[in-house]
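Novice: Below is a structure I'd like to ask you about.
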Number of protein chains: 2
Amino acid sequence: MKENKENVVISKATIDRLPLYYRTLKISQEEGIEIISSDELGRKIGVTPEQIRKDLSAFGEFGKKGVGYYVRELMRNIGEILGLNRKWNIAIVGVGHLGWALANYANFSSQGFQLQAIFDVDDEKIGRYINEVQIFHIDEIKDIVQSRNIEIGIITVPAQHAQSTAMRLVEAGIKGIWNFAPIKLDVPDNIHVVSEDLSVGLNSISYYLSRQNN
Amino acid sequence: MKENKENVVISKATIDRLPLYYRTLKISQEEGIEIISSDELGRKIGVTPEQIRKDLSAFGEFGKKGVGYYVRELMRNIGEILGLNRKWNIAIVGVGHLGWALANYANFSSQGFQLQAIFDVDDEKIGRYINEVQIFHIDEIKDIVQSRNIEIGIITVPAQHAQSTAMRLVEAGIKGIWNFAPIKLDVPDNIHVVSEDLSVGLNSISYYLSRQNN
């Protein structure tokens with residue numbers, strides 16, 4: 001059913017929608033839905049059925065004309081595309097409240113993201129554990145990243161330390177960075193950075209409430 | 001320059017991109033860029049210039065052909081569309097690490113979102129302050145929401161309490177909910193809910209790293 005198309009350039013916008021498809025299919029599956037139309041899937045996500053068909057067509061042929069998508073199968077296929085069919089070792093740098101919250105976020109491990117280490121510079125935190133994962137001093141980052149085969153680093157340090165933290169992660173051999181500090185990181189081209197801006201969700205709410213009030 | 005078009009149906013996908021435009025324009029402005037082309041803006045965000053022109057055309061006419069967009073002006077216009085030209089009073093329910101982290105998130109207040117109250121059920125937390133904002137018992141929610149004119153509630157309670165928390169927010173008179181619990185909330189149609197899934201950023205990274213490794 002799935003057929004990888006090589007040499008197709010896929011837009012970032014399409015890739016950013018795939019996790020939404022995945023999440024919505026997962027919820028549908030948990031609700032016991034076995035087959036879903038692109039109309040219904042689009043309604044749940046807030047994109048047009050045409051967009052869904054176009055997005056998915058970049059990766060192969062999915063679904064049956066006049067029937068819809070098999071929820072479990074499409075979810076598995078999108079999961080494969082997103083690399084969720086394997087384990088990813090991840091590390092968090094910065095044990096403030098956000099770092100602590102992320103270390104406890106159960107959804108990551110259910111998707112194959114395994115927290116292998118946490119780093120900080122505060123002597124009072126080093127040596128402690130969050131959910132059985134040890135907090136190490138940042139000076140140990142290279143050894144730990146390499147010995148534990150960690151590929152993704154999560155930056156939750158204060159903004160003024162984010163760039164130097166990114167460089168330490170890169171030097172340690174990390175390939176992807178998920179950045180929560182509100183600055184643009186300057187890293188080599190082969191490192192994939194996703195910067196999270198927690199305001200986006202609130203912006204969407206204020207947009208809708210502004211319309212209602214008018 | 002800005003011309004509100006009434007009776008135009010705007011897709012959720014467009015609205016979800018507006019905060020990205022806003023954020024990217026803000027960064028550009030901070031970098032001293034005064035004029036930006038849709039090509040350049042698109043490159044920074046990862047969408048096509050056609051998509052940007054299409055998205056913005058739903059709200060009026062922006063930019064000058066052959067010149068580009070005036071960064072400060074477009075940022076202000078998108079800010080208005082997103083309702084960021086006014087103050088929004090918000091509250092957080094649930095003082096775990098994530099609630100604590102969000103209460104400290106400086107970007108919210110810079111966008112006009114003012115944290116007016118925090119709620120919990122833990123007697124040890126009630127009466128304490130996070131950044132000068134008081135933690136109240138959830139039983140006081142209706143009084144506080146009404147007296148402080150709070151319109152948006154943020155749910156950071158454990159999943160099993162999220163639905164009942166949502167109902168208490170709705171009964172208290174809240175209009176928008178930002179939900180961090182990994183469940184789908186069942187609320188009246190006139191309440192706008194945005195559910196945050198923190199896995200989406202990681203999924204995007206794993207997608208790109210999967211391609212690299214192949």
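Note: Cβ is positioned from N, Cα and C throughout, glycine not excepted.
The model shown is predicted, which means the values in this text are computed figures rather than measured ones.
What TrEMBL records for A:20-59 is DNA-binding region. Under the heading domain 'CoA-binding', TrEMBL lists A:83-184. According to TrEMBL, the feature NAD(+) binding site maps to A:Gly94, A:Val95, A:Gly96, A:His97, A:Leu98, A:Gly99.
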Novice: By the count of other Cβ atoms within 10 Å, pick out the sparsest of the binding-site residues A:Gly94, A:Gly96, A:Gly99.
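Specialist: Lowest Cβ count within 10 Å among the binding-site residues (A:Gly94, A:Gly96, A:Gly99) is A:Gly96.
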Novice: Mind sorting out which of the binding-site residues A:Gly94, A:Gly96, A:His97 are close to chain B, meaning Cβ under 8 Å from one of its Cβ atoms?
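Specialist: In terms of proximity to chain B, the binding-site residues that count are A:Gly96, A:His97, given in sequence order.
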Novice: Tell me, how many other CB atoms lie within 10 A of the CB of A:His97 (NAD(+) binding site), whichever protein chain they belong to?
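Specialist: Here the count is 20.
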Novice: Taking the Cβ of A:Leu98 (NAD(+) binding site) as the reference point, list residues of the same chain whose Cβ is under 8 angstroms away and which are at least six residues distant in sequence.
Specialist: A:Thr156, A:Phe180
Novice: Under the DSSP assignment, what numbers of helix, strand and coil residues are found in the domain 'CoA-binding' (A:83-184)?
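Specialist: Final tally across the stretch: 36 helix, 29 strand, 37 coil.
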Novice: Once the chains shown are all counted, how many other Cβ atoms turn up within 10 Å of the Cβ of A:Val95 (NAD(+) binding site)?
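Specialist: The answer is 24 other Cβ atoms.
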Novice: Report the DSSP secondary-structure composition of the DNA-binding region (A:20-59) as helix, strand and coil residue counts.
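Specialist: DSSP classes over the DNA-binding region (A:20-59) add up to 28 helix, 2 strand, 10 coil.
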Novice: Any idea what the model's mean pLDDT is for the DNA-binding region (A:20-59)?
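Specialist: Overall, the DNA-binding region (A:20-59) comes to a mean pLDDT of 88.
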